[in-house]
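**Student:** Attaching a single structure in structure tokens format; questions to follow.
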Amino acid sequence: MAEEEKTELPSAKKIQKAREEGNVPKSMEVVGFLGLLAGLMSIFVFFIWWVDGFSEMYRHVLKDFSLDFSKESVQELFNQLAKDTFLLLLPVLIILMVVAFLSNVLQFGWLFAPKVIEPKFSKINPINGVKNLFSLKKILDGSLITLKVFLAFFLGFFIFSLFLGELNHAALLNLQGQLLWFKSKALWLISSLLFLFFVLAFVDLIIKRRQYTNSLKMTKQEVKDEYKQQEGNPEIKAKIRQMMVKNATNKMMQEIPKSNVVVTNPTHYAVALKFDEEHPVPVVVAKGTDYLAIRIKGIAREHDIEIIENKTLARELYRDVKLNATIPEELFEAVAIVFAQVAKLEQERQKQKIIKPL
């Protein structure tokens, strides 16, 4: 039997399970673009500070070399240079780490997945490694990198060719003018490349999300199996509901002998009312239609409960009053008439009991 095609979108449960395993849609092009953007902005922000810092380091080197040129002093000097260079670059390194972290958070939210670091044989299996090397995902990633390099080179060459005509004019400028000319062209080139990398990152993000969705797609059978696991087998749930309805019905039927009257339609509706010292307002203790109405009337006859026909009241009680709830105020008068009928019937029955022995 051929394997069923995966045509269904992944469920929320499958996506959550994939997240717990560290499987999330992630575009390294987005991370790289935001990192590049942050790096360039950091250069503009810290450029003057770097110039001052590296100038001070240069003066310090010349001063130390002029005083002493021993092995120990040179080693100490290089240690100091490494320390000063690290401190100068530290703010940018921190910014790049924060941007890399946030660029991932923006793509797939906060995520803690310990399963990612768990050792798995499949990760070191050379056969799987070869398969992954020639997978569609790797081919697309490689193609995008090649396209990125080609487009960047082509764009740079195109922009540089536009500048060639201005080189003769720029050569006639003074040093300050040449620097300003070079700065404007450099900003133009950088802006163009950033726009290109932004477009490529956006395209890569769409591709990665589509690949992610396709990798998690499910067969129709998998969807059914997952539904059964989450919601339970529909047949079993139906049986449980039937049992619950049956138990509720049996409990309701047990309350009928405690009622004072059953109001009927007469055939389609039956509502049992209870009225005593504990219930100063009549309460609906049982109600039903059709077959259930017949059962209610049958139990009422078995226990000598009065059955009063009132079509309008029976329908209103069934429709508007919940089980074990008191009747609403607007039905007080109609229900009072019913209980008056019940009282009259009981009086007549008592008279018959008295007259009968005579």
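Glycine is no exception: its Cβ is also placed from the backbone N, Cα and C atoms.
So Swiss-Prot says this about it:
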type: TRANSMEM; residues: 31-51; note: transmembrane segment
type: TRANSMEM; residues: 86-106; note: transmembrane segment
type: TRANSMEM; residues: 144-164; note: transmembrane segment
type: TRANSMEM; residues: 187-207; note: transmembrane segment
type: TRANSMEM; residues: 323-343; note: transmembrane segment
**Student:** So what's near the transmembrane segment (86-106) in sequence-distant terms, Cβ-Cβ under 8 Å and 6+ beyond its ends?
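**Tutor:** Same-chain contacts beyond the ends: 26, 30-31, 34-35, 38-39, 42-43, 46, 49-50, 53-54.
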**Student:** State the non-local partners of the transmembrane segment (323-343) in its own chain: residues 6+ outside its ends, Cβ under 8 Å from one of its Cβ atoms.
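**Tutor:** Distant contacts of the transmembrane segment (323-343): 252, 260-261, 263, 273, 275, 279, 281-287, 306, 308, 310, 312-313, 316-317.
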